[in-house]
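Taken from Swiss-Prot, the feature (6S)-5-formyl-5,6,7,8-tetrahydrofolate binding site applies to ARG24, GLU81, LYS124, LYS475. The annotation domain 'TrmE-type G' is assigned in Swiss-Prot to 220-397. Per Swiss-Prot, the feature GTP binding site maps to 230-235, 249-255, 274-277, 378-380. Taken from Swiss-Prot, the feature K(+) binding site covers ASN230, THR249, ILE251, THR254, and the record attributes it to sequence analysis. Here Swiss-Prot flags SER234, THR255 as Mg(2+) binding site, drawing on sequence analysis.
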Amino acid sequence: MTAPQVPIAAIATAPGRGGIGVVRVSGPDVGPVMRSVCGQALKPRHATYLPFLDGHGKVIDHGLALYFPAPNSYTGEEVLELQGHGGPVVMQMLLTRCLQAGDGIGLRLAEPGEFTRRAFLNDKLDLAQAEAVADLIEASTEAAARSAARSMEGEFSNAIRQLVDKVIHLRMLVEATLDFPEEEIDFLEQSDARGQLATIRTELSGVLAQARQGALLREGLSVVLAGQPNVGKSSLLNALAGAELAIVTPIAGTTRDRVRETIQIDGIPLHIIDTAGLREHAADEVERIGIERTWDAIRRADIVLHLVDATDYLRHGLSETDDAIDDQLSGQLPPGSPIVRIVNKIDKAPAVGDVVFGGNRPHVVAANGPNPTEIWISARTGAGIELLRRELLRLVGWQSGNEGNFLARERHLTALRNAQSHLDIAAEQAEHQAQALDLFAEELRLAQDCLNSITGEFTSDDLLGTIFTRFCIGK
C-alpha cells in the first residue's frame, strides 16, 4: 500500500490555550514550506530555535522547528513540525502561513486521522497499532493508558501474527495433502495436525480473554441504578462515587432525569447512571418523561442494580411493584444480562450484616462469600459497598492485577470470535479427514482472514475510512 502524494498540514495540539502548540506538515517534499516559513533549510532530526516568518518576512512567532526526512518519520513521509506558543490565534496564523507557503506543491488541510492513516499505509505501524494511538489519547484511566501503550508498541499485533504464522503453517500441510493425494505419506498424521490445531485454539482463547479485559478498560461498564422512588438510588450513586453528586431528600421522586457519573474500580471506568424512580403512575408529565428515559437507559445497560428498601423487604417480602419491575427488567434486557437486587437501608432495618439471598430464602454470608446475586447494603453508612464493587467486577469477568491486557475494540473481539468459530469448525472437520479435508483447509483460510483483519493485512477501504475519521485532526 502507498500513501497519497499530496502534502497535508494541521494543528497537532488540542484546541485552546497552552504553553506550546504544534503545527505538523507531512508529504513527499516539505522543503518549500520549510524554507519559506523558517527562512532556511533545517538539519534533519535536530531542533532549531528560530523565528517563523509570514509572506513578507515579518515574524509571526519564535519557536522550535524540526525536520524529519522520509522514511524515518511518523508518517513515513517528510515531516516538518513547528512548535510555537500555544495560543489559538498564533497557531491558526502559523497553519495559514504553511498552507500559503505550500500552495505551489498542493498542500492542503489534513483530514481527521490522516497523519496516522499515512503511517499505516506506509507500513510504519499496523492497523491495531494505529487504533492504539487514538485509544492512548482517549484513555480515561491509568490502566487503560498502559494497555493502549502496550498495543501501540505492538504486543497485540505480535500475538495476532504468531497465531497467523501457525495457521499458515498448518494450511501448508493441509494443502500439501490435497495437492498430492496419491502420496502414501500422510502429512497430517506425521505432523500431528490435530495437535497443532488444538494448540492454536488454546492460544487464541488466551488472546481473546486478554482482549476482553482490554475492551473493559477501553469502554468501561454502564451500570444503571433502578427501583421505586426513594429507595436510595441517589445515595448509592454518591456512595460509589465518594462525592455528593446527586440530590438526596426524603421526598419521593426527587430525581426526575438521569444523573451520570464515571468512577473507577480497579482501573475500569464505571458509568453509573442514577435514574428516576419507577412506579406505575407518574405524578406529572416531567416524571413520566423521566421514567421513559430510565427504561431507555436500562435497555442500554451492561448491568442493572435493582434497589429495594430493606425494612419493607424484611417485613413483607418483595412488593408487587418490585416484582413487576423484576419482570419488566427481564423482558427489556437481553438474555443473561446481569440484574443484581440491592437491598438498601440496612442501617434502618434489624441488624443483618452482609446478607445475600439464595433462592427465595435469605441467608447470611461473609463479605467475600461466593457469587452473591443479591447484596444488602447501606448507602448512607457504606456497609456492603465494597462487596458491591467486587461483585460488579466479577459479573463482567474482570481479572484484577492482569498486566498483559491489550486495549481492544469491539471489531477486534468480533474478529477473534469469528476466527475461533472457524477453528472450532475446522476441528470438527479434522475428525472426518478423508471426507472433509478441503473444508478443513477452507476454515483455516477463513480464520486467517479474520485474524489478518485485526492488523490490517486484509482490510476494506470502508473500514479504514471509518477507523481513521474518528481520530482528531492533526493525528
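Cβ coordinates are placed from backbone N, Cα and C, and glycine is handled just like the others.
Note that this is a predicted model, so its numbers are computed, not measured.
Shown on the structure are the features that Swiss-Prot records.
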| residue | record | Cβ contacts under 8 Å, 6 or more apart |
| --- | --- | --- |
| GLU81 | (6S)-5-formyl-5,6,7,8-tetrahydrofolate binding site | ALA12, VAL22, VAL23, ARG24, VAL25, ALA65, LEU66, PHE68 |
| LYS124 | (6S)-5-formyl-5,6,7,8-tetrahydrofolate binding site | PRO71, TYR74, THR75, GLY76 |
| ALA379 | GTP binding site | GLY232, SER235, LEU236, ASN238, ALA239, ASN344, LYS345, ILE385 |
Three-class DSSP assignment, LYS233 (GTP binding site), comes back as helix
Here the binding-site residues are ARG24, LYS233; the one whose Cβ sees the most other Cβ atoms within 10 Å is LYS233
Looking at the binding-site residues ASN230, SER234, the one with the fewest other Cβ atoms inside 10 Å is ASN230
The mean pLDDT across the domain 'TrmE-type G' (220-397) is 73
